[in-house]
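One structure is given here, and the rest of the page talks about it.
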């Protein structure tokens with residue numbers, strides 16, 4: 001049998017089309033009637049399948065063939081229905097899905113192929129097609145969670161590869177199966193709820209994800225609570241929304257002080273929560289019951305007591321204990337203490353211990369036993385946070401505190417401290433100034449005795465009576481003293497009682513010294529200069545005065561010139577500028593020789609009576625230029641030297657320079673003569689290389705036993721040369737060829753000694769083997785032996801045949817020797 005009329009209707013029945021013996025039909029027998037109908041939802045044409053059918057045969061919608069009547073019928077485009085494939089199919093594979101046919105396969109040979117993802121694109125070979133029969137297969141199980149749909153295109157070509165049909169689209173959808181359990185995002189969820197919360201209070205949210213299709217029951221998750229620990233106060237304190245996963249309270253009675261934390265096991269099940277068919281998973285929800293201030297603090301006692309020494313501060317005198325069931329170290333637990341009565345002066349405060357929450361009653365203002373022997377305080381305690389709504393304060397939050405004051409020996413004190421008094425300066429020694437007495441605050445005890453002493457008296461002007469505190473001067477009080485600051489002299493005194501232990505207090509006495517006119521004014525400045533010729537009212541010296549006194553005993557000052565000697569007023573004049581300044585100048589048309597003049601000036605102050613002082617001002621009179629400034633010559637002349645004296649000094653300077661020049665010329669000439677003079681000794685007796693010392697007085701022959709070998713050059717230097725490289729003492733002579741010093745000529749010539757010395761010095765400076773080096777220094781080594789023998793073996797005799805007459809030929813310098821030895825045997 002074969003299929004006919006595919007253009008009009010495709011009627012599929014079991015065995016109606018022959019597909020071959022290898023075809024295995026996975027579907028029950030169905031008949032697929034292909035009709036064209038517009039889908040009202042998606043707006044596309046699709047094949048409707050009224051009842052199950054075997055794999056359909058899909059025909060290409062080609063152009064068609066001419067009918068026998070010669071008419072050409074235009075084929076309509078078909079909308080191919082999607083192909084549904086169940087995921088995780090067990091096969092066998094390959095599994096046929098659909099058969100593709102072209103209505104031209106009876107005339108020509110057709111080759112079929114498919115393209116798209118899953119065919120010729122990754123993942124490849126999930127689907128394939130029989131190129132001859134057009135049967136399309138799936139080759140392995142599909143996973144919807146990996147890929148839920150495929151879009152392929154089917155092609156039909158002839159044997160030459162020419163397209164005979166337009167490609168058709170094939171949509172393959174993977175049908176979901178319930179193969180995935182719900183998975184919670186976290187295995188442990190943490191939430192919190194205030195204690196005392198009402199039923200229906202939101203607590204937390206849990207959520208699970210199911211990889212299956214959530215549009216089907218396979219992916220629809222539902223939640224429920226499996227267990228709650230602990231069961232207090234009831235086993236079901238919470239409930240969960242089965243669809244959203246929100247956990248809320250369901251019953252009252254949450255109390256953090258009884259149960260601070262709940263552990264809940266939550267189950268998520270797919271298939272809309274069907275426990276028979278759905279898959280499940282669990283997670284843990286930990287709910288912490290947060291604290292509210294529902295427990296007021298309670299003092300452990302209604303009365304507390306303590307004691308405090310008088311005059312002590314910043315000490316704890318009592319400790320208040322409190323209990324609070326709320327969360328420790330939270331605002332609901334932290335205690336705040338207040339004194340509501342019994343301390344009107346504010347002597348005490350209560351500080352909270354941050355660790356124990358106790359109240360520490362602390363003294364912040366000294367207490368006086370003579371004023372208050374005890375304090376009765378009323379204390380109230382509360383929390384840092386306000387009490388929760390509906391919670392009343394407990395009566396145990398109030399208590400009484402009794403503080404006893406301990407009497408101690410208090411130091412005497414000066415009622416007026418510092419004490420101010422006023423006196424004129426200059427009062428004589430032995431004057432009583434005042435009585436500076438102290439009081440003892442211990443009035444309730446036995447009367448104590450107070451003794452006074454001086455603690456600080458910078459100028460040592462005062463003394464104090466030990467018993468009554470009377471202040472007496474021991475010297476004259478001087479306002480101008482360096483110990484007086486701003487007219488005030490300050491001294492400190494000590495008052496000590498005889499209590500146990502001894503206590504003492506200090507007092508300060510300030511004496512304001514009233515100024516009297518006891519200081520004469522002094523002229524300022526002491527020195528000045530002025531031009532020898534002055535124009536009228538021009539170019540004077542401004543003077544003033546200094547007075548250690550103050551107003552009204554200082555300025556304004558009066559300046560006068562003395563009448564004696566008369567030359568003062570004849571040559572000088574003084575005019576008043578202001579109350580404190582005057583101008584001193586030469587009288588008009590008066591000429592004075594340049595020099596220094598001492599001008600006496602009388603200065604009077606404004607005291608009553610006034611004091612005067614005769615002061616001397618040194619005025620330098622000098623010639624001035626057109627600007628009124630002293631010239632350089634004038635400054636010298638003003639120093640006290642006349643013109644004649646200045647000329648004499650200049651002549652002396654010229655003579656002294658001439659003498660120095662002549663002396664230098666003479667020295668040069670002497671040096672030149674000395675260099676040209678011949679040597680006075682014979683060349684054979686040249687002593688330039690000898691050291692002559694005449695002032696040594698040794699011990700004779702017994703003093704000449706020297707070991708001269710220490711001063712000689714060793715015959716061999718092998719002990720030095722054989723040392724390894726780098727091992728050499730710095731006190732050994734370097735082993736390198738010695739420099740050759742210049743050879744002296746036999747006959748000296750003018751300048752021979754100087755040239756020889758300079759050449760030898762230059763050679764020694766360039767000689768690396770020359771001393772100094774830290775060793776025995778060898779001077780002018782002359783071999784290992786001496787042909788002269790011992791010098792001590794030479795004998796001298798007055799009767800010898802030595803002839804000294806040649807000394808007469810040596811000149812006048814050797815005349816004395818010639819007279820002594822050249823006269824024969826005179827003695």
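These residue numbers are counts, starting from 1, taken along the chain as shown.
Each Cβ is built from the backbone N, Cα and C atoms, and glycine gets one as well.
In TrEMBL, annotation is done automatically, which means it is predicted and not curated.
Per TrEMBL, the feature region 'Disordered' maps to 42-73.
Per DSSP, the domain 'Cadherin' (77-184) is made up of 0 helix, 46 strand, 62 coil. Positions annotated as domain 'Cadherin' by TrEMBL: 77-184 (among others).
Summarising the annotation, TrEMBL assigns domain 'Cadherin' to 185-299 (among others).
Look at TrEMBL and you will find 300-414 (among others) tagged as domain 'Cadherin'. Note on the domain 'Cadherin' (300-414): DSSP counts are 3 helix, 51 strand, 61 coil.
Annotated domain 'Cadherin' per TrEMBL: 415-523 (among others), in sequence order.
Annotation comment: TrEMBL describes 522-633 (among others) as domain 'Cadherin'.
The transmembrane segment annotation in TrEMBL covers 645-667.
Residues of the domain 'Cadherin' (185-299) grouped by DSSP class, helix first, strand second and coil last, total 6 helix, 50 strand, 59 coil. Break the domain 'Cadherin' (415-523) down by DSSP state and the numbers are 0 helix, 47 strand, 62 coil.
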